[in-house]
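Enquirer: The structure is given below, and queries will be raised subsequently.
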Ligand code: TRP
Ligand code: SF4
């Protein structure tokens, strides 16, 4: 579609670390320059797994927003808000729950996976089963077209697409739809309306995706169509009823090679992280105590970087020159492991320094962040309210 809108959320369940920064935040920061972006704190989603320790969420909401901004998410460009401050998400979640088959939720792979992984918690709750549907509401309420997520979240986006399709199928068929669509086509003017019809035929008869895309652009960019007519024309293109909810696409973050201190993926649950707020001394200590190639017992034992997690960090943080120095130095036992780790320590501290300085500025003055979030919530609410008006109307609830 012509106008891209990006949405993503993060659960406030702990300190942000370099895994978040390299995997998620850098991606958000790039997207904000290209698209309209909404980023939010998914505090309700955090409650699905942390209902017995809400204090963890409370502590992390503001810290997380500070870290986002300190890392480079720009509140002047992106809309930053908190899920629970826009209760329309919950209303849409309730309405969508009416049309969500239980089997669809039970089949989402994260449902069983997470229950097994977090087996110390009782996750046989209504809220946890509904996790993907709440996520669908988060996305659909903004008619977002793109959702940057990690690979594990793909089933949730696919689920969201199915829910949107089902909703449009059930509620997009107003009486007299075809007549109304035909009236709307006339409003495009004679030139554009024949173009629209040509592209519609090209898509419906030959599956011409480009024709569909161009027709969508044509409608989006045409001035003076009411929202209802826009939806009719978009829906009519694809043969169905009104397209009230928009099927989003996922945008996979570029694969992040960020490994943790033990060589596994960096994750809070493995206790192998470097926090964005980690002090330089602590970074140094953590890297210096990282395991290396077990074959290098003594300084003059040759090693193999491919067997060493420090090498993975060099992949993220070092120039080709430094990497070449590590490769020969390690294989020919010309450098010691402590020596080899120093450029990584320096690079991480260099990356963290400006982030920490900015974070400090916001910690000193909490009102700054509160105001940014209040403004973001207002903007989000405006968009959410608009969609809810249409959803209520489509479901016959506009009394
Ligand atoms: N489930 C996402 C995660 O764990 C967080 C999330 C909640 C989200 N709502 C969202 C992400 C909407 C993208 C869009 O990472
Ligand atoms: Fe790892 Fe570097 Fe030591 Fe080689 S020299 S084992 S790459 S830390």
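Backbone N, Cα and C atoms are what each Cβ position is placed from, and that goes for glycine too.
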Enquirer: If you check TrEMBL, which stretch out of 3-11, 12-20 is marked motif ''HIGH' region'?
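Expert: Per TrEMBL, the stretch marked motif ''HIGH' region' is 12-20.
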Enquirer: Which residue range, 282-304, 305-327, 328-350, 351-373, is the one TrEMBL calls region 'Disordered'?
Expert: 282-304
Enquirer: If you count Cβ atoms within 10 Å of each one, which of the binding-site residues 13, 267, 269 comes out on top?
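Expert: That would be 13, with the most Cβ atoms nearby.
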Enquirer: Which of 11, 20, 265 has the fewest nearby Cβ atoms, counting only those within 10 Å, among these binding-site residues?
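Expert: Relative to the other binding-site residues in 11, 20, 265, 265 has the fewest Cβ atoms within 10 Å.
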Enquirer: Of all the binding-site residues given, 138, 151, which residue's CB has the most CB neighbours within 10 A?
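Expert: Result for the most crowded candidate: 138.
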Enquirer: Near ligand 1, which of the binding-site residues 20, 138, 269 are found, taking a Cβ distance under 6 A to any of its atoms?
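Expert: Among the binding-site residues listed, those whose Cβ sits under 6 Å from ligand 1 are 138.
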Enquirer: Based on DSSP, tally up the residues of the motif ''HIGH' region' (12-20) by helix, strand and coil.
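Expert: When I sort the residues of the motif ''HIGH' region' (12-20) into the three classes, I find 3 helix, 1 strand, 5 coil.
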Enquirer: Given that the record lists 11, 12, 13, 19, 20, 150, 151, 152, 265, 266, 267, 268, 269 as binding ATP, what is the largest C-alpha to C-alpha distance among them, in Å?
Expert: 19
Enquirer: I'm trying to understand the geometry here, so how far is the Cα atom of residue 265 (ATP binding site) from the Cα atom of residue 138 (L-tryptophan binding site), in Å to the nearest whole number?
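Expert: Cα of residue 265 (ATP binding site) to Cα of residue 138 (L-tryptophan binding site) measures 28 Å after rounding.
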